[in-house]
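Have a look at the structure below, then the notes.
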Amino acid sequence: MIVGLLAGYRSVLVLSAILSIFGTGLGLVPYLAAWRIAVAIQGAGIDAGELVYWTVLAVCALITKALLQAGATTLSHVAAYRILYQLRHRLVEKLARVPLGVLSGTTSGHLRKIVMEDVEQIEEGIAHAIPDLAAGLSVPILSGVLLLWVDWRMGIAAVAMFPLLLGVYLLTLRATRPHLAAYVGAISNLRSISVQYVRGIREIRTFLHTGTILEELHDALDRMARVGQSFALSSLTPMAILYAGLRANVLVLIPVGAFLYLSDEISVTDLTLFLLLGLGINAPLLKVVFSAGNFFWKLKGASAQISTIFETEELPQPEYPQRPDGYDISFQDVSLSMDGNAILSRVSVTIPAGTTLALVGPSGAGKSTLARLLMRSRDPDLGRILIGGCDLRQMEDRHLEGMVSAVLQDAWLMNATIYENILSGRPTASRKEVEAAARAARVTEFSADLSFFVGEGGRSLSGGQRQRVAIARAILRSTPIVVLDEATAALDPDNEQAVREALAELAHGRTVLVIAHRLDTIRNADQIAFVEAGEISDLGSHSDLLQRSSGYRRLWKEYDSVEGWHLEPGAVRSLPTVVQRPGQAYQEPGIPSGMVARFMHLAGPGRRTLMSKALPMLALEGAVAGAPVIAVWLVLDRVLAGDLTRPFAVAASGFVALCILMFVFANRLSHRVLWQVQSTAVSALQARIARQMRQIPLGDVIARDTGSLEALMSQHSAAINFVTPPALAMRAMVGPLLSAIVLFFLDWRLALLTCAMVPAFGVVMVFADRVNARMLQRLVVSNEMLSARLLDYIQGLPTLRSLGLSQAYGPVEDALETHRRISLSTVTALMPIVTAGWIFLDAGFVILLAGGGWMVLHELMEASTFLLFLVVSLVFYAPLTDAFDLSSQLRLLQKSMSRVGEFLAIAPLPEPETPKLPVSLDLRFQDVHFSYGDKPVLSGINLDFPAGKIHALCGPSGSGKSTILDLIARFWDVQKGHVTIGGVDIRDIAPELRSAMVAVVFQDSYLFDMSVARNLRLARAGASDEELYAAAQAACCHDFIMALPKGYETVIGEGGAKLSGGERQRIALARAFLKDAPIILLDEAAASVDPETESHMRQGLAKLCAGRTVIMIAHRPSTMRQVDQRIEMKDVLGRDDR
């Protein structure tokens, strides 16, 4: 796939390489001019015409070189960004065709990483490696041809060290290869855990001890630090030798050149040429090796991950598509297994067109699987599914999607407005039709403004509000076949009947497959199928099944029993005993505003090591890096003075060898320290970001997309580079500073000429920084938006497929195009400035050449001094080229530090310095005011919740019921008033005690991609197996857990994807049992489960609530029976909308 895309841009990439080769060739012209001028000076002398000729030629060459290189870079980036766009587009299209059952085994964070980070790796190879490879090969080839033409022996000597260095590079690859797979795996694991941490932040804040993070995240951070450090340190020695080898060929050139010169085999000008070009010939050759190796490994690593998606077997498409004759549905001997477990077994049932089939039965029986098979989320292993006599496998996906609409239990909404979400049901609908659908589904009752943004997955709305928007979408879609999977489970009674009427109108004359847990809603269905253990054990009308199906009767009995359920009385629980600590223990230090101060602050405990060990070694490295040039200067000085000897040449070579050893030592030591600082500092920073998510108001977390928060934790923090910027900074400062001192010592006039273009170069760099900062901000926003849209798309694939939007999802299309356009505009905006920087930097050498030649011409200085200046100036200019890389690194560093600093600067919920102890468990709201942004929710409410009593919050969706629970759990703080426990404001209670006092069972509880046991132990890390079993038995889930493949050690998938909704809720209830808190908050915990599960959960809830203070959100009258206090939110608030 990737090779094919590259082939499509072959001509552009070849042209980029050609421009790079010609540009690089022109870059040798100033050196050729220097040689010709030196020859003339050493010969009969140079005249003004010849000096002007070579100067003008050098100026024209360097300008043309800069333009050609700019063209090469622009072309390679144009090709790279187009290839990335097409590759991501094809990956998204592929995900739309892969069976959803296959994708459920892969976390959304891992899939997003492949589409974002792995694809991005290819851009660096295409945009940079291709022109770099062309330039790197052309310099040694052209230089080699020139050197061989002058003297073949010196030509061989110039490249003699390269085979040895190539061997060292191969050792580098061999050293890192064993660590590569572990490194890639650690990155992927961290991405996946980070996404889950963000999505499960409510559960983490509820169950984990304050100041701690999820153990799996801690392990992932520790593994990433350990593996990343091992990967980097494995190649320290060969990498240090490679960097030292950039000018190591001087070890051969000096003795060989001296021997030939003393033997009168070559002239002093020839020796000067060889030493000038020889000093720089290794660098481009090594750049070729680095670029080629980097490109190869990045391409290989990225391709391996990308191929896992492209090679996934997709749903087969018919060669000759068929169209159904009618809308009757037939399941014929359908069987399905997943992970070796039978899900469905020989299911056969027919739904005549225009009739309704209701699926009822216990959790995990296969009801939702049957519904998803009808939408062709995957194909059955055996049997077939027909619509109008046509097998689904013989229909085009777009035709099937156009026939079926669905309202799923977990209503997913795209991150857009309510209007756009409803319109997605039928994009060609008029505004009047959209508004009519919104009214039918009672959407306008909670939001008359359909332009309200619903947030990622619709999380800005309550569960009932999300379902109403999804129902409006289905009403507008108006397809002949409708699938309803507990479509009204999260609705309050005031709206449920009206929405049912709208759904009845939607279902009229259509073929309907409905899954219902509220059995009274399907009593009048044309057919009812009782599903048990993956089989339809009985089929008929309600009255027929009551007569002959024991399972159906049992289900109804359990459903009816729920109507009369009651809560067990018990002794009022006492306050839990915990060790209280002052709030300062959890306060993180502030973030400095200055870039250097912030950089050192984020280095954490490693900053002292950075200052005392790494920077001195980097300074030594920078100082000895110029040793080969100094040795060349000393040799040439002796040559020009006429007293060069072989012993001196050998001594000069020995000096170079000694300095190379010192360089290797300093480089190895400094980079070992830098990588240790990098791994520990980044790991500590990532853990700090995770803690920050626990400590700030929950609204500041959910206001950000999951993709943005995941990128903050796993990308931006890791991009704070403690290795490259310090190394580049010291290299760019030490070498030029020392060489400038030497140059001024030799001749202040030539020194001024040498530094003449440095101010202009500095101005260009400052201007480039400003432009890049502006463009980089847009690029960061674009990157985060694309990441968020991709994650949104992956998580919403089931809904998108049901809407026929999986292959044409507008937000992803727009984000891909925007990211491509902004990426390219960043390059085109910077390229003229960078080109000017190249010209100014290269012009410095030409000015030195012209000015020095003019002074020699007019006998204002010795020719020998001028020639020595040409050599020493290389030490001055070469490190300055690192300023480009340093500037780029600093911009990236600033971007990441700004993102991280902005998030860490959010004020956490304050903790008391002197905690107070509640005298009871009585809860009270006193004149409480609370708003979400500028949207008021609670205004001056006063509520009392006596300890040991059961309190029910009632009212329409969006009336503030969940907000009451969130304030008790302290996900937010009130803006005015007080929430007290036992007479103490919850803000004055120690976080450990407050956490131990409250347990929450959410309506849509989140489970992590780890074992059942680990999910349960979030509530109490040290719980024994016996305590786990007891909690599970109390929640009536022990039996089904033991039936899982590995029992309590079964890994249940991201979000508990491998379990049914009822099974997930029972595990969440068991988790609350295990916490054993005296205050229980229930957010419609049993609203979306089947009657059997609900019966079990009610029994469990009755035990859980005994003797505790319970505050529950309730929509159903059966839930509110025998409660001690029933609170109507509309009476509390004085209005019905909030």
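Including glycine, each Cβ sits where the backbone N, Cα and C put it.
As recorded in TrEMBL:
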- 12-33: transmembrane segment (TRANSMEM)
- 14-295: domain 'ABC transmembrane type-1' (DOMAIN)
- 53-80: transmembrane segment (TRANSMEM)
- 133-150: transmembrane segment (TRANSMEM)
- 156-173: transmembrane segment (TRANSMEM)
- 240-262: transmembrane segment (TRANSMEM)
- 274-297: transmembrane segment (TRANSMEM)
- 329-558: domain 'ABC transporter' (DOMAIN)
- 614-892: domain 'ABC transmembrane type-1' (DOMAIN)
- 617-636: transmembrane segment (TRANSMEM)
- 648-666: transmembrane segment (TRANSMEM)
- 722-744: transmembrane segment (TRANSMEM)
- 750-768: transmembrane segment (TRANSMEM)
- 829-857: transmembrane segment (TRANSMEM)
- 863-884: transmembrane segment (TRANSMEM)
- 923-1136: domain 'ABC transporter' (DOMAIN)
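Annotation: stretch 329-558 has the most Cβ pairs under 8 Å to the domain 'ABC transporter' (923-1136), among 14-295, 329-558, 614-892. When each of 133-150, 617-636, 648-666, 722-744 is checked for Cβ pairs under 8 Å to the transmembrane segment (750-768), 722-744 comes out on top. Long-range neighbours of the transmembrane segment (240-262) within the same chain, counting only residues 6 or more positions beyond its ends whose Cβ lies under 8 Å from a Cβ of the stretch, are 151, 153-154, 157-162, 164-165, 168-169, 172, 268, 271, 274-275, 278-283, 286, 628-629, 631-632, 635, 639, 644-646, 648-650, 652-653, 656-657, 660, 663-665, 667-668, 671.
At the 8 Å Cβ threshold, with sequence separation of at least 6, the transmembrane segment (53-80) comes into contact with the transmembrane segment (829-857) through 3 or more pairs. Within its own chain, the transmembrane segment (829-857) is flanked in space by residues 27, 30, 33-34, 37, 41, 45-48, 51, 54-55, 58-59, 62-63, 65-67, 69-70, 73-74, 749-750, 753-758, 760-761, 764-765, 767-768, 771-772, 775, 863, 866, 869-870, 873, 877, 880-881, 884, which lie at least six positions past its ends and keep a Cβ under 8 Å from the stretch. Below 8 angstroms of C-beta separation, residues 6, 54-55, 57-58, 61-62, 64-69, 71-73, 75-76, 78-79, 126, 130-135, 137-139, 142-143, 146, 273, 276-277, 284, 842, 845-846, 849 of the same chain, each at least six residues beyond the ends of the transmembrane segment (12-33), sit close to that stretch. Across the domain 'ABC transporter' (329-558), the prediction's mean pLDDT works out to 85.
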